[in-house]
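Chemist: Got a structure for you, questions after.
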Amino acid sequence: MESNKKYWKGLEELKTTPEFVENNKGEFAESLPIEEILSDAGLKAPTPRRDFLKAMGFGLGAVTLAACQKAPVHKSIPYLIKPEEVTPGVANYYVSSYKGHGILVKTREGRPIKLEGNPACILGEGRLDAVTQASILDLYDVSKLKDPKLDGKDATWASVDTFVKGELNKIQAGGKKIRIVSSTVNSPSTNKVIADFVAKYPNTRHVQVDAVSYSGILGANQASFGRAVLPHYHFDRADVIVSFGADFLGTWISPLEFNRQYVVNRNLASLKNKKMSRHVQFEAGMSMTGTNADVRVALKPSEEGLALLNLYAVLGGGGSAPKLSNAKAATALGLVAKELLAAKGRALVVSGSNDIATQTIVNNINTLLGSYGTTIDITNPSYQYLGNDADFVTLIAEMQRGEVDGIFFLDSNPAYNSVLPKEFAEGLYKVKLKVSFSERLDETAALCNVIAPVPHFLETWGDANAVAGYYTIVQPTINPVHNTRQAEQSLLIWSDNAIKNYYQYVKNNWETSILPGAGLSWKQLLQTGVVNSGAGANAPAAASNAAPAVNAGNAAQAILAASAALAKGGESVTELTIYESVGLRDGSYANNAWLQELPDPVSKVTWDNYVALNPKYADKLGVTEFDLVEVKADNYSVVLPVLYQPGQAIGTASIAVGYGRTKAGKVGDEVGKNAYPFLKLQNGSLQNAVAVTISAAGGKRELAQTQTHHSYEGRNIIRETTFNKYVQDPHSGTGKHGEHPTYDLWPEHKQIGHSWVMAIDLNACTGCGACVVACNVENNIPVVGRDEVIKRREMHWIRIDRYYSFQDDQGASLTKEDQIGDLAEGDSTLEDVTVINQPMLCQHCDHAPCETVCPVIATMHSSDGLNHMAYNRCVGTRYCANNCPYKVRRFNWFNYWNDSRFDNYMNNEFTQLVLNPDVTTRSRGVMEKCTMCIQRIQGGKLQAKIEKRPLRDLEIQTACQQTCPTNAIIFGDRFDPNSAVSKALGNERTYYVLEELNVQPGIGYQTKVRNTTEAQQA
Amino acid sequence: MSAHNESILREPLITGENITYSKITDDVLVPVENKPNKAWWIGFTVAALFALLWVVSVGYTFYVGIGAWGLNKTVGWAWDITGFVWWVGIGHAGTLISAVLLLFRQNWRNSINRSAEAMTIFAVICAATYVVSHMGRPWLAYWPLPLPNQFGSLWVNFNSPLVWDVFAISTYFSVSLVFWYTGLLPDIATIRDRAAGVRKKIYTILSFGWAGSVKNWQRFEAVSLILAGISTPLVLSVHTIVSMDFATSLEPGWHTTIFPPYFVAGAIFSGFAMVQTLLLVVRKVMNFENYITMFHIESMNKIIIVTGSIVGVAYLTELFIAWYSGVEYEQYAFLNRVSGPYWWAYWSMMTCNVISPQLFWFKKIRTSITASWILSIVVNIGMWFERFVIIVTSLHRDYLPSSWVMFYPSIVDVCVFLGSIGLFFTLFLLFLRVLPAIAIAEVKLLLKSASDQVKQKQIAEGHVKKEEGEAYQESLTKYDSVDYLKV
């Protein structure tokens, strides 16, 4: 039985007095003085026990969870004392210059990460070309030398100085010769240093030799004007431009400047004024300039001189030239002559030949046309190329005779890029003191006993004088990374100059000779970067510099002889032209991964050079595309794959120089074959056309092309018109047929504030590829290498689509593969090809097909009209890329920044310093694409917000737009009716690619307008 | 003639002498209760080696990235999604047989539904492996599921057909699995009752306490019908949704309203072909000739003709619509299929899927085991090509010719595909060893021996008019497609 007994604690409980009930509510009958005790001990106890336990439990759990996360270890060194001008996260810009072009260097936390044009630069006007954009990568090149070398071993500068000085004194005492071999030096300070050095060692002579030489023009101008200089051309003042093999938009002399000038008479503004220049190109290989020409005539190199003589004769220059056997060219030449005469004073004839006689005739033609003083300025010449081919031959002879005991190579690599590498090496062997100022152990440095490595131009002081009266300063933006020393500094030390510090030397030189004239202080100069004193390059040139026509007789004789020699072999030989490629130029950029992967503007080939042959001619030679062929000249031969190049003249082949480096570094070694030794020294200059035989060598080598289908299949993605049709109806060719109702499946995206869009003028785009490289730099785009490009996995966010089309007998356009195939089967030579370039990037569609199919909403629309990509959310189904009609999405097939198979760029910790910290590097398995440089948009918006003002038009520029030499790309806000982009998109020529899909693309294109011969005659 | 018309006795669905219920149990459980024979071991070893190849190749892909495959900037899906759709399609016959044929009271399904359902499950597993392995970041494969998460307000994109696909496939897999397992319960109980030792314990757990009571059977029947009702829409919906992975896109060649019915027909087509491929071997090796008879083979061949013809009509319709639409991209896509660089894939598909099944119009071919088996393989090859043609030849040349490319598979692509076949067969062979390949309980329903015996007895005892008796005897062979006694 349970007990029901109850024991009372006391009478209070029995009576259940109100006090007892009250006291019994708590745990303890009397309240305990916990508060007092704790507050005496300086503690507070409002926290009840349960809350304490909760806090403990949560704390323990949280700490445990936090400890589970493996915290990444970042190696970073904080600023001990923060430099005043460096704020982490905020970029600093410094002026500098590269090859005479004024640039702005963007640095972040002390490291340069991007180059942009200096708007004050008269050559680029704020724009840069592909190679300059890419040149920043060379700063972080792991293949460069880290220490000076003496006899192949690492040495200290002191030991190098002792050795070189000792040797120099011995040579001086022995009366032997000293030579400084360099490419063109137009830096006033460097020239002064060299002059000082020559003064100290009088047996010294400075030999300038350019790998790609303009000796022909220099020689011709010597003959015509008594000055061995390049004239300063003004394509913007020319209404009729006729070029004979000069790739002036791609590589010739000053392509960035010429691009900018060229488009002035062909762009949106010019067309609005119903004005368009006319450009006729005669050439053998298909150059980038040729792709832009209104009329392009394929012409063998052996016919080029004849054509010029014919033109000269027709223009009234006298003399009689043998008739051109090429009927098409003869007809074109007749028309061109008329047009040139009609445009007297607004005409320009240029030639890419390096032959003195040919250039003399060109000078005479330009004189007849009144070009001097209008489109050509010889009074204020260009100093961009001063190398003399003949001087180099003399040097080799001197070395071979053992007269030279000391030689210095400054920005010069003759062991690779000279026409006589064997003779050069033999001669060099006899020289005692061989000093190379190279930044890497290149082909020439490998033959030298002293290597005094030089820093990258972003680590140095210097200056340049690209055009008469136009000076630019080079200032360092980072301390030398390696143990390197400027060549000028070395020369100052070795010549015991009073001023040992080159910075001081440059400063003194400017303060005495240049700055006073410009009225600038040194400090101001370091902010403006350029001095355009007096005879500025854009000032109208005086008419007085017109040249007296020199006697053309001798020149004509020489041309005829050369042409005959070239064509002597008849059908059995092929005329080979050696040209510079737009990406690698003379080969000094060979170790630059961005440029190696930049598709050639015409062939879209990366990572290789090749023999460009007309398909019809290849047929005749019995070879097909990618077959390896042996190209054999008198004393040199290479084996290279064949590339089918429509437009290439029958009976000709083209090979690019700049490839076949053996000691460029780990990116550039053994890419392609060296074509320099094909050049032939004749009549005092290097001739870039030689007769060769081509025969199948057996085997194939596939070229890594980013585009393998070359016709646009008649699709209305490309819309073009002719100039006279445009004048009659600006809408012509856009395919617009009035308004029509549209229907949407999806609700409209709400856009507030801004709506970012872009306009691309197909008539302004020359296809140079500067945008591609600028985008690579800005957005940390991986380089994938040749094998992956063959697998069609290049990562470029912006590409330039290039399509070929042909015409049938009736003049109708043939754009389809099968039509072109039929044409090729017939009699057509495939020489008359029309080319169009179309930059293609994410169109930021308002009804983006990629957005609807992503299962995880990794890609979505922003409130300002952009198509966003959230890398972190992407799981990599790739459906978005499949569903993109423009095929602009790029997938990270591998972990490019951490995969030893891609050891050419991002995989290296040192090279990673070039990465833009504002842009995430993407891991493998995620999709990426053009963001319209969202980091720049956000930056611009923030800046405006800080300054409490609305955004200004063109304040935010995408990287592609910023660098575009021709201003073909305009980015901006559609909601601002006065913005440049709104105006451009409002233009009658505007159309949208694949607009019929109703994806509502955000990028409008302006039709291509061609100033064809028919258009002219109409 | 007789005064009344008596329904003729149907051809028995199970053949053989002296069939009794216990004999059926004994026959079907032979592979489960005995050590495997040599043929099984050889098959299993080969299959397991290929499954290992799958592990290695998928592991390699996970390690280095999708770059291990032959895909590129233009062709983002190729062998992976081809394999996925192929396997999902193969899985279709199982549901059709188990659900639709059940609802239509097609009792002949009872002999084949178990294996077909098992095949469905294994095929869907293979398909699911592709779903995960084709992802760039497979460790995040759960993100397309609408799970509550801590990523803020992140949710899946219900507009995306890939999300529909996730629902469709997971529903399909779970319903198929439940249906299959429910059907297995009485059979597992049968094994349990005959087993001893550890096996008995395992099968006891697996049988869920099946007692064979009337209530058990009643509920079993009810559940089967309900599940059949649920599954039937899935037959149509799953491949409809898979087809929408393509149909809702913008790609010429994908953006087609005909896709749902065309894909469903194709799926049934390939599913039956795979059932044929498997069962023709199984019945031979496991001596199931009396259960899977020529009647089954012929019936399935008839379904193959019908679905194959539907698919053929769909192919021609696509071509017609492409031409009729006047859309140049659409027209080019189909012209390119027929005559482009992948013409051989298109014509392989046409030959294997449209022309070869028409051979089944000939009774001789339809009832030939060898011919049926070879043609079933041909159909499977053809259906693989169909998916390859749809996916790769549409993608490789779409709107902008600048991006036109060729797709070449890498060795890893090939290994993953062969490996998935190995995985499938490994699972199937294991299934044959541990579970009855024929639904014992359901097959027993088909035993018509009692009525035949009664009739024969009546005839023998003269209770039946002579002509009626003769008509009955005649009907036994007259309406048969085969002389089953010879089979």
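The backbone N, Cα and C atoms fix where each Cβ goes, glycine too.
Small disclaimer: the values here were computed from a predicted structure and weren't measured.
Pulled these from TrEMBL:
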type	residues	note
TRANSMEM	B:39-64	transmembrane segment
TRANSMEM	B:84-104	transmembrane segment
TRANSMEM	B:116-142	transmembrane segment
TRANSMEM	B:162-184	transmembrane segment
TRANSMEM	B:222-242	transmembrane segment
TRANSMEM	B:262-282	transmembrane segment
TRANSMEM	B:303-324	transmembrane segment
TRANSMEM	B:344-362	transmembrane segment
TRANSMEM	B:374-395	transmembrane segment
TRANSMEM	B:407-432	transmembrane segment
Chemist: Using Cβ atoms and a strict cutoff of less than 8 Å, what residues sit near the transmembrane segment (B:116-142) while being 6 or more residues removed from its termini?
Modeler: 54, 58, 61-62, 65-66, 77, 80-81, 83-85, 87-88, 90-95, 97-98, 165-166, 169, 172-173, 176-177, 179-180, 183, 271, 274-275, 278, 416, 420-421, 423-424, 427-428, 431, 435, 437
Chemist: Test the contact criterion for the transmembrane segment (B:39-64) and the transmembrane segment (B:344-362): 3 or more CB pairs under 8 Å, pairs 6 or more apart in sequence, then answer yes or no.
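Modeler: No, the stretches stay apart by this measure.
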Chemist: Which listed range (B:84-104, B:303-324, B:344-362, B:374-395) shows the maximal number of Cβ pairs under 8 Å with respect to the transmembrane segment (B:222-242)?
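Modeler: So the stretch in question is B:84-104.
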Chemist: Under 8 angstroms, Cβ to Cβ: which one of B:84-104, B:262-282, B:407-432 has the largest number of such pairs with the transmembrane segment (B:344-362)?
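Modeler: Answer, by Cβ pair count: B:262-282.
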Chemist: Cβ under 8 Å to the transmembrane segment (B:407-432), counting only same-chain residues 6 or more beyond its ends: which ones?
Modeler: 31, 40, 43-44, 46-58, 60-61, 68-72, 75, 78-80, 83, 87, 118-119, 122-123, 125-126, 129-130, 133, 278, 282, 286, 392, 395-396
